[in-house]
């Protein structure tokens, strides 16, 4: 779920763009975040995910395949970063997510029995699960498509932020804001699904475009440092301290941090209750120094079309004609947008 910084981000630090504005940039994408979005959004009207003849879920593969092609056709260079072992501090959040999914599954079944299609779809989306088999097959598909991916030792967003700080990527891509706390110079949101999107439970659509958020303009406008932003995030609540510190919203958290200045003083001021200040200091240190790796190579290779056909058509019953048309697009995008092309290094703002 991540930290919610949306209310604090000033207009000066964010802007909506068309996909083509990101052409030439390497983007380190939070793979789990993207795959969950595909599993949630790519469903039939009753909420059922896409399935092959054996009943295996394929929504994630469909989203990954076609969306990646859309990105590279625009000249974007996606690098998918996969989560490793979650830190022990995240166990409470993981357990809570499992509980919520189990509850959503039960409500989904009741809605189906009652013939409530809209309710069934809503709860089916909430119950989406990403299994280890899905993750491994996603990596296999990316290999076949010639797309690079990186295995993070722990949090994918931390690894993606590290790659962006090093200059190996221009920005991180995720719906969550955590990568800003991890120090990513830029965050791009709304990459998995763009265009018109129906609001859940309402007969209303909104236009979704990619959104760029830059860390330095954000910090400058708020008048704080990255370390202080981490303290704000902890007060609001992160995956490592769900719910945050009682009584603090975005404005009150920012006010306290600016008043006390030193993040250690901020965390020490928290009343001993649900979260001990010593524990919160560990969370703070994790955002500053998460486990990351330099064991990766960003290389875009010629697609192995036969392997893609094997995975999608032979194994998972994808429509062969549609896959062939997509492979033609992928091959053309590789030749014209990826092969031998240098990445853009210029800054977006400024």
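The backbone N, Cα and C atoms fix where each Cβ goes, glycine too.
The annotation region 'N-domain' is assigned in Swiss-Prot to 1-101.
Annotated Mg(2+) 1 binding site per Swiss-Prot: 30, 83, 155, 157, in sequence order, evidence recorded as sequence analysis. Within 10 Å of the C-beta atom of residue 157 (Mg(2+) 1 binding site) sit 30 other C-beta atoms, taking all shown protein chains into account.
According to Swiss-Prot, the region 'I-domain' annotation covers 119-261.
Under the DSSP three-state reduction, residue 176 (Mg(2+) 2 binding site) is assigned to coil, being neither helix nor strand. The annotation Mg(2+) 2 binding site is assigned in Swiss-Prot to 176, 178, 239 on the grounds of sequence analysis.
Per-residue pLDDT, averaged across the region 'Interaction with PCNA' (341-349), gives 51. Sequence annotations record features per position, and here Swiss-Prot assigns region 'Interaction with PCNA' to 341-349.
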Checklist line | Spatial neighbours, same chain, of residue 83 (Mg(2+) 1 binding site) - Cβ under 8 Å, 6+ residues apart | finding: 31, 32, 152, 154, 155, 156
Item checked: Residues near residue 30 (Mg(2+) 1 binding site) in space but at least six apart in sequence (CB under 8 A) -> 81, 156, 157, 160, 172, 173, 174, 176, 179
Margin query: Same chain, not part of 30, 83, 155, 157: whose C-beta falls within 8 angstroms of the C-beta centre of the Mg(2+) 1 site? Give them in sequence order.
Written below: 31, 32, 33, 81, 152, 156, 158, 159, 160, 174, 178, 179
